[in-house]
Amino acid sequence: MHRNFRKWIFYVFLCFGVLYVKLGALSSVVALGANIICNKIPGLAPRQRAICQSRPDAIIVIGEGAQMGINECQYQFRFGRWNCSALGEKTVFGQELRVGSREAAFTYAITAAGVAHAVTAACSQGNLSNCGCDREKQGYYNQAEGWKWGGCSADVRYGIDFSRRFVDAREIKKNARRLMNLHNNEAGRKVLEDRMQLECKCHGVSGSCTTKTCWTTLPKFREVGHLLKEKYNAAVQVEVVRASRLRQPTFLRIKQLRSYQKPMETDLVYIEKSPNYCEEDAATGSVGTQGRLCNRTSPGADGCDTMCCGRGYNTHQYTKVWQCNCKFHWCCFVKCNTCSERTEVFTCK
């Protein structure tokens, strides 16, 4: 039985990396040897592996946050030629797209935000050691507005700092792509921080609101995804500035401008133009669009003309059958008719 438990824990870390482990079970995890477990997780950089070994409870929460980012990416781009489908197939950790494109910018931003969100939530729920509610938001009274800090405010700064230490640790090479990735990581975390919400509860006699107790909460991650998708649509192309004597990349500037104007901190930035994602190409992270569902009448990105890249589409017909017009008869049975509908779906050639 002990061997089966060891094997179960091992596959949780290695394959999924997305399940919470209650603090009471951590002794069993530590007993397995954090070094053994962390050395088996694919895609970790050396500094990330060190964090895993020192905080085996946190690596599972980090994995869940990274997976949440991948899921959100797939939702936001579900109607596009590139739909994030190749992300996370082997591991939720490590670099996924080799081209420094808009799509790479989005994946880095949404992953960094996902890790920060998951760590912050786990701290608030008591699922991580060494963190909890935001202590600085306890006991302060705002007399002018008639409210005070109370409850459990989400400590987003801890989550952001943990995301920064872990996610940014994979950027080892001193090149333009490193500057791009670090900027987009920070942009994703900044969007999350800016969307923190204030919730309040009234206190007073007979339902009056004499005073209010307030606390900060995390936004829904879908909201973060929508905002980052807007940032993706307005992403800024940048180029590297080599200001040191060693000619190493120092900072990024907006490419179209003659001045040394830096991008805004919440801008998503890219250094290479996106491929068209029509054909399968492992180097660009494209799985192609062959076999993808498309909308024959849509003029948008999900339309067959755009999705299929001019190759045309196949038409598939099938009959959908379901029970309908159900009525209750006394006593006591329900009688239904059988309805059917002929449906067509279209897939790219």
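From the backbone N, Cα and C atoms, a Cβ is placed for every residue, glycine too.
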Region 'Disordered linker' range according to Swiss-Prot, out of 64-92, 238-266, 267-295: 238-266
Disulphide bridge to CYS202 as given by Swiss-Prot, partner from CYS200, CYS209: CYS209
Among CYS326, CYS331, CYS332, CYS339, cysteine joined to CYS336 by disulfide in Swiss-Prot: CYS326
Record Swiss-Prot, residue CYS131, disulfide partner from CYS123, CYS152: CYS123
Disulfide-bonded cysteine for CYS308 as listed in Swiss-Prot, from CYS331, CYS332, CYS339, CYS348: CYS348
Candidate in CYS304, CYS309, CYS332, CYS339 joined to CYS324 through a disulfide, as Swiss-Prot lists it: CYS339
Under 8 Å by Cβ from CYS84 (disulfide bond), same chain, sequence gap 6 or more: ILE70, CYS73, GLN74, PHE77, THR107
Recorded positions near CYS294 (disulfide bond) (Cα-Cα within 10 Å), from ASN83, CYS152, CYS200, CYS348: CYS348
Integer Å distance between the CA atoms belonging to ASN295 (N-linked glycosylation site) and CYS304 (disulfide bond): 6
Distance check against CYS331 (disulfide bond) for the recorded positions ASN127, CYS133, CYS152, CYS202, CYS214, CYS308, keeping those with Cα within 10 Å: none
